[in-house]
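Visitor: Below are the structure tokens for one structure; questions will follow.
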């Protein structure tokens, strides 16, 4: 399989049922109607992954403005098991990284992973994520109920490291355009 056979598409009212079905198959938790309403409004932060015009995966994220930080939260990123290890997850993750890079104002990207999901943990570690916390009893109605919090810290640097004037400009549009974005 080549990456050219993998395409990402928008989540729309016409295909939201495919996302619901996919999530039911891929994830051990069920998502409520509000989740899907939010996904429909997420734009570039929610994508279906197609392989030969068949929905085989999806990624859904949201912006989290808590803990005095602006972070990107990966709510779901999953692929049907027959299509795993073919680069589909990587394409979805790279889409999210590109979004974060273009935005230029995220402190980190984070997500929760069930503590026994070694495949997912290794997938994210491959992209520089680290386990930063473990939440006991995070999940309801599934075992194990504990979840690791995985995080990738993002660092923004001004083009001229000898001057901080660029990063303190009052106009946020010029500020974000003036920064270079690097991943730690």
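Positions of Cβ are set from backbone N, Cα and C atoms, glycine also.
Copied straight from Swiss-Prot:
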type     : residues                                               : note
DOMAIN   : 6-155                                                  : domain 'N-acetyltransferase'
BINDING  : 31, 75                                                 : substrate binding site
MOD_RES  : 47                                                     : N6-acetyllysine
ACT_SITE : 73                                                     : active site
BINDING  : 77, 78, 79, 80, 81, 82, 83, 84, 85, 86, 87, 88, 89, 90 : acetyl-CoA binding site
ACT_SITE : 112                                                    : active site
BINDING  : 117, 118, 119, 120, 121, 122, 123, 124, 125, 126       : CoA binding site
REGION   : 138-141                                                : region 'Substrate'
REGION   : 157-176                                                : region 'Disordered'
COMPBIAS : 157-174                                                : compositional bias 'Low complexity'
Visitor: DSSP secondary structure for residue 47 (N6-acetyllysine), reduced to helix/strand/coil, please.
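Guide: DSSP call for residue 47 (N6-acetyllysine): strand.
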Visitor: What are the DSSP helix, strand and coil residue counts for the domain 'N-acetyltransferase' (6-155)?
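Guide: Secondary-structure composition of the domain 'N-acetyltransferase' (6-155): 50 helix, 53 strand, 47 coil.
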Visitor: Out of 117, 119, 121, 125, point to the one nearest residue 81 (acetyl-CoA binding site) in space (Cα versus Cα); all of them are binding-site residues in the record.
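Guide: Given the candidates 117, 119, 121, 125, the nearest one is 119.
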Visitor: Would you mind reading off the Cα separation of residue 83 (acetyl-CoA binding site) from residue 31 (substrate binding site), to the nearest angstrom?
Guide: 22
Visitor: Determine, using Cα-Cα distances only, which of these binding-site residues is closest to residue 47 (N6-acetyllysine): 31, 77, 117, 123, 125.
Guide: 77
Visitor: Tell me the Cα distance separating residue 112 (active site) from residue 125 (CoA binding site), rounded to the nearest angstrom.
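Guide: Each residue's Cα considered, residue 125 (CoA binding site) and residue 112 (active site) end up 13 Å apart.
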Visitor: Let me know how many other Cβ atoms fall within 10 Å of the Cβ of residue 117 (CoA binding site).
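Guide: Here the count is 14.
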Visitor: Starting from the Cβ centroid of 117, 118, 119, 120, 121, 122, 123, 124, 125, 126, the recorded CoA site, name every other residue in that chain with its Cβ within 8 Å, sequence order please.
Guide: 113
Visitor: Between 0 and 100, where does the mean pLDDT of the domain 'N-acetyltransferase' (6-155) sit?
Guide: 96
Visitor: Any idea what the Cα distance is from residue 31 (substrate binding site) over to residue 77 (acetyl-CoA binding site), rounded to a whole Å?
Guide: 13
Visitor: I'd like the Cβ neighbour count for residue 112 (active site), meaning other Cβ atoms within 10 Å of its Cβ, all protein chains included.
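Guide: Its Cβ has 18 other Cβ atoms within 10 Å.
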Visitor: Taking just the CA atoms, what is the gap between residue 112 (active site) and residue 85 (acetyl-CoA binding site) in Å?
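Guide: Computed Cα spacing between residue 112 (active site) and residue 85 (acetyl-CoA binding site) is 21 Å.
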Visitor: Looking only at 77, 78, 79, 80, 81, 82, 83, 84, 85, 86, 87, 88, 89, 90, which the record lists for acetyl-CoA, tell me the maximum pairwise CA distance in angstrom.
Guide: 15
Visitor: Could you tell me which of these binding-site residues, 87, 89, 119, has the greatest number of Cβ atoms within 10 Å of its own Cβ?
Guide: 89
